[in-house]
Every structure is written in C-alpha cells, then in structure tokens.
Amino acid sequence: MVKVPHLLVATFGVLLVLNGCLARQSLGVPPQLGNACNLDNLDVLQPTETIKSEAGRVEYWDHNNPQIRCAGVSVSRVIIEQGGLYLPTFFSSPKISYVVQGMGISGRVVPGCAETFMDSQPMQGQQQGQPWQGQQGQQGQQGQQGQQGQQGQQGQQGQQGQQGQQGQQQQGFRDMHQKVEHVRHGDIIAITAGSSHWIYNTGDQPLVIICLLDIANYQNQLDRNPRTFRLAGNNPQGGSQQQQQQQQNMLSGFDPQVLAQALKIDVRLAQELQNQQDSRGNIVRVKGPFQVVRPPLRQPYESEQWRHPRGPPQSPQDNGLEETICSMRTHENIDDPARADVYKPNLGRVTSVNSYTLPILQYIRLSATRGILQGNAMVLPKYNMNANEILYCTQGQARIQVVNDNGQNVLDQQVQKGQLVVIPQGFAYVVQSHQNNFEWISFKTNANAMVSTLAGRTSALRALPLEVITNAFQISLEEARRIKFNTLETTLTRARGGQPQLIEEIVEA
C-alpha cells in the first residue's frame, strides 16, 4: 500500500508538470515545440506566408519554426509599391528594420509627445495671421463685424484682448503632426513597442523592408505570438495560417456612437473610420499627391555629417535634445562605405550600429550589422557572445557553416538573396563567398552585441599561450606558432589560395 505522504508527493509532482505544460501553452508555445531550442539541425529559411494588399504585400517567416522560436523573434518582409502607403500600425514588441531597396518617408506616433511639424500656410479663404474658422464661423463673420462697429471703445478693447488670447491658443495651421523622416536604401529603423508608424513610397520602384520583432523582449507583456495592432486598414485574409478570420483596425470594435462622442464627430463619419467594408488591406494606394509636412531631403554626406559631428562630446552642435524620447533619432544609414567599421578594398566591409551610434537601440535592446563580402573572400570564424543573430541575405550568395555547442556541424549550405539564417548565441559560424559577392544584414538581440573570433589577430587562439595550444591539440611548438600568427587580419580574409598578407597591406578601420 502506498503511504499517504508518498501519494501526496506524487500528486504534487504531476500537478507541477501539468502546470508547466499549461504555462507553456499560455505563452503561445505549441505542444510540438516543447523543446524549442533543440537546434541540432539548422536550415536556411524562406517566407512561408504572404498577405496581399492593394498596393503591396507582407511576407512572413513561420514564427513557430524551432530556430525562430528559440531566438524569440518574428521576421517579415514588407514590399510597398510605388505610391503605396503602409497604414499606421504598432506592435507589442520592439521592432528593428532595414531598407533593402527604394526610398520613402515614414512617421511614428510617440504617445504624449507634441506635434512638432507644422504647416502654417493659411487655408483657402483665410487671411494671413487669422485663426481657422469653420463654416458656421465664416457665415457669421459679417454679422460680428457689424456688431463690432457699434461697440464702444471699451468693448473693442475687451474683444481685442479676447481675440489676442484666442490667437495665441489657436493659430492658423493647416496641419500639424509628429516627426516625419526620409528613409532610403541602407537605413536602419528602430521602433519602440506600442509606437504607431507609417511609411509611404516616394520612389519609382518598390520599397522593400526586412523587419524583425523581438517578441521575447521585456517590453512585450503578452505571449510569444507576433501581434499586429492597426490604427487604420485591415487584413481581409486573416492573421496567420491558423487564424483565418478577417482582422479589422482597433476602432472597429467600438460602438460608433461612443466613437462619435469621443472624437466629437457624427456617427456616419465614425462608421467610416471603422473600415467595415474596406478590403484594401494594410498597404493602400494613394490617389493624387501625398502632401505632409516634411523637411527637404538632405544630401547623403551632409546628413551623416550632421548626425555624427566631429569633436568632443560637449560639441556646440549638440543641442541636448537627442536624449528625450520625443526627439530621439530612429534612423541610421549603415550602407555608406565611409561609415564602415572594417574595410578592406579587395575583400569587403562590415558596419555595425548599436546603442552608441543610435541611442534608441539601448531602449529596445537590439542592434544590427551590415556586411558586403566580395568574391573569394571569407568572414573569419566567430561566435556571438551575448546575442542571437538573424542573418538575411540582401544580394548574392555565400556558403555558411554553423557549429553548435557539441562541436557538430548543424548547417552547411549556400545562402541566396531573400533567404534567412538563424545563428544562436554561442554557435560558431563562418561565411565564405566564391565567384559572386555576398551582401547581408544581421539583426542581433542585444543593444551592444559582442563577437569573439576563432582566427585572426584578435582571436581566442591568438590570446592563448603557446604551451596551452601545444598541449591542447598535441602539436609541436612551431605548428602552434603558425596557428597563432599566420592570420594577421581581424575580420575578413581571402577564402582560398594566396600567401598570408603582411600587416602593411591590411587596411582596417
């Protein structure tokens, strides 16, 4: 007979197991992904789902894939056609994006921040310097002027005082909104959780943007399913392969009368906001000119020089506003060769952006690396010390090998344009191009991601004493010297053939 204490212990253990399973399901982890980080076999990934709209489409990678699920991210590719507008949307997770192709303008809505972009040109039929008036105010304007002529001097002074106060409170703005910025090929765009953003394609080709949501980020207080919240637009095709019902914007769920009272509009207009019969999707085509208040487009060199002024931290060019969340920069172009962190004329270049170059990344805890590898070149073997890496090929092809913690090769494939590779934290990898160039963008789940190389001048092997190397690998002292000192580069090298370069031939920044 089983004793009562033993039975209680067994029952308690079963309850703990069931509670763990229910908790995992409540976090959005499907039962088949109970061991989501079993990464013994990685693969090159492509989009599995496409959501089409009137003026573009959004392609999604399966976020239930064990590799993507383990990294705690969700990846999508947004294609906006010429004249297309990606309607205001926000997410429960922070988002980092890279503009692969094209140009446009984008805006974000930061709650609590003022509208700092204003168009002060008067409306049609409005005199310069006078506040805007509605239709009723215009109809009664003549009567008010006649009444003013009959008033005494004291009444005129009192009315002028009231008009002056109203003029200070309400100026003749046609429109006023939060910050609008130009975006172009090579831009990194960072968006905080809960901040709505929109994008309009101003170019003559499709605007292509690769996006990453960090759904494991501390800012996401929901489950590990990517959730899209729309201020406008809809998704008539459903949210995913498992969720086929139509998704409406957030205003659709309110009673139209309540919405009309909140916005002080009529019920008919409130129903228009709910887009009940609109099937255009979340990317719509703009008919006619798209007129928003925006600054003129800078020259690329002038823009970078303004963002990164030379001189000490207390430079006179720094006005101190960049530390506020309302005016904090969200864009940084990392495709300019002059911005390269590592540059070798015959091999390629690597550029990183982190919280030091784009402070908002410290808040969302993400960073990015842009790389261009020429033919017959190699990125020396390395691993990420404190981040997962999601590598996306923007051009060309290359061979990528990944080794796990057991020393097993878990990936050895050719990666081509439009494909994705997840490289978990601590997994060593090497990138090798052949005849074709290889270009990529990597998103990393740390604001200041660090790497450690396994070969080269700053590698882990270079830092070890010769005696440690000889005893670890059972080799001679001369062989240990060759292992330590034959590769003089730090990041990029030749992929095949040739003799080791002299230090004088290395050009790295």
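Numbering starts at 1 and runs along the chain as it is shown here.
Each Cβ is built from the backbone N, Cα and C atoms, and glycine gets one as well.
Annotation comment: Swiss-Prot describes 124-172 as compositional bias 'Low complexity'.
Marked as disulfide bond by Swiss-Prot on the basis of similarity to another entry: CYS37-CYS70. Sequence-distant neighbours of CYS37 (disulfide bond): residues of the same chain at least 6 apart with a C-beta under 8 Å from its C-beta are PRO66, CYS70, PRO424. Secondary structure from DSSP puts CYS37 (disulfide bond) in coil.
Over the domain 'Cupin type-1 1' (42-271) the predicted model carries a mean pLDDT of 78. As annotated by Swiss-Prot, domain 'Cupin type-1 1' applies to 42-271.
The feature region 'Disordered' is assigned by Swiss-Prot to 119-175 (among others).
What Swiss-Prot records for 230-249 (among others) is region 'Disordered'.
What Swiss-Prot lists as region 'Disordered' is 301-321 (among others).
Taken from Swiss-Prot, the feature signal peptide covers 1-23, and the record attributes it to similarity to another entry.
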Margin query: I'd like the Cβ neighbour count for CYS70 (disulfide bond), meaning other Cβ atoms within 10 Å of its Cβ, all protein chains included.
Written below: 19
